[in-house]
Amino acid sequence: MIRQIILIVSLIGISNAAYQCKDNNGSNVDWFVFYKLPHLWNHPDNVPISNGTGFLYFDVNNKNWKLMPQGMDVENNAVYYTLQQYYNSNMNTTFSYMYNDEWPDSTIWSNSSGHAKGVTVFDQYTGFWMIHSIPKFPSKDMFRFPSNAHYYGQMGICISYNTVSLATIAQQLFYYNTFTYQFNLPQSFANQFPVLSQLKNKEYNKSPPLTSTKVLKSLGGQHFRHFAKTGEWGKDLYSDFVGPTLKSSIKVETWNHQSGDEYNLPSVCDPNHVQSTMSAKYIRLPYAIDYSSYEDHSKFVVAYSESSSKPPIPYVCIGDINRQSHQIHRGGGTMCIYDQETYFQFANIISETVPCTKATAEKATLTVLLIAIITFFK
């Protein structure tokens, strides 16, 4: 009887205090995805889209893209409700961690730390991890959608977790070298998760292995696979880690702008048609929304098959690092979900990819040949 009473009291505590992702109605949700649309002038009848705050949304309870009537700049959307828990939190009992390579409400930015953006908030029971691509977001004192985020497309994913998962989350973030602007670490969390103190002290992993992939189970039981890399690894997260690990060809949408010595990494065509990495060129969404990758700052991956006789592996990944030359020397990561319904929503979003150049195709062929020769003589 006493054990039953303790269980009931514990459940009451969880329902009253525990942090989770919230949906567009402010209700708890296991996970959600948002796709903030670019500033699209060709949708004058839709004010949020035309002013750059419109967004598509879906979550575990309704796996269909829904165009929301409100913009992301107002106080009645999933991101707002989720973050509001942090703004209303008790700092004595809440662990919170905000990182962004461009700090909000500031001109401070970093081109050497991890190219990573996110928020993680936990109490003793549960919490959430929100991974996104929005520069200068969120503010650490109140919800405000930054004006710089209106023009380009942005994406994010929020996942609810039991607090025991914070151990794995922290270990993954330890690879990033995050540019941290808010970190609240109650002593109870420091005692339970020692790596958090290292993160607070701006430490990060510098010794092999320089990459890590871990499976994380959400509060509702959904399995996600997270990929993390350090800048010291010096390779592309997508073509050198995600694709080979998933054993699949992938299409990748990331920032498609070049400047100075920072150039876009080319698409990589696998001569065996098993493990290509193709950069996005055009995006096509429901509701007659389409635009060039040049207008998008999102970072997401869609697995695909190059064989008509082999079905694609239903993986979708959402993260925060680009396929650019400079970013092979920066930390970052992506969160992948293996789910057929989610995959269906993403499968055709990347409507056209950047073709491989002759040089990259020849390099890929030579690499395969060298591997075959080395294997033969082993």
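Cβ coordinates are placed from backbone N, Cα and C, and glycine is handled just like the others.
According to Swiss-Prot, the features are:
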- 1-17: signal peptide (SIGNAL)
- N51: N-linked glycosylation site (CARBOHYD)
- N92: N-linked glycosylation site (CARBOHYD)
- N111: N-linked glycosylation site (CARBOHYD)
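Shown on the structure are the features that Swiss-Prot records.
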{"residue": "N51", "record": "N-linked glycosylation site", "DSSP class": "coil"}
{"residue": "N92", "record": "N-linked glycosylation site", "DSSP class": "coil"}
{"residue": "N111", "record": "N-linked glycosylation site", "DSSP class": "coil"}
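On the backbone, the CA of N92 (N-linked glycosylation site) and the CA of N51 (N-linked glycosylation site) stand 39 Å apart. A separation of roughly 29 Å, to the nearest angstrom, links the Cα atoms of N111 (N-linked glycosylation site) and N51 (N-linked glycosylation site). Non-local contacts of N51 (N-linked glycosylation site) by the CB criterion (under 8 A, 6+ apart in sequence, same chain) comprise H39, G71, H150. The Cβ of N92 (N-linked glycosylation site) has 9 other Cβ atoms within 10 Å, all protein chains considered.
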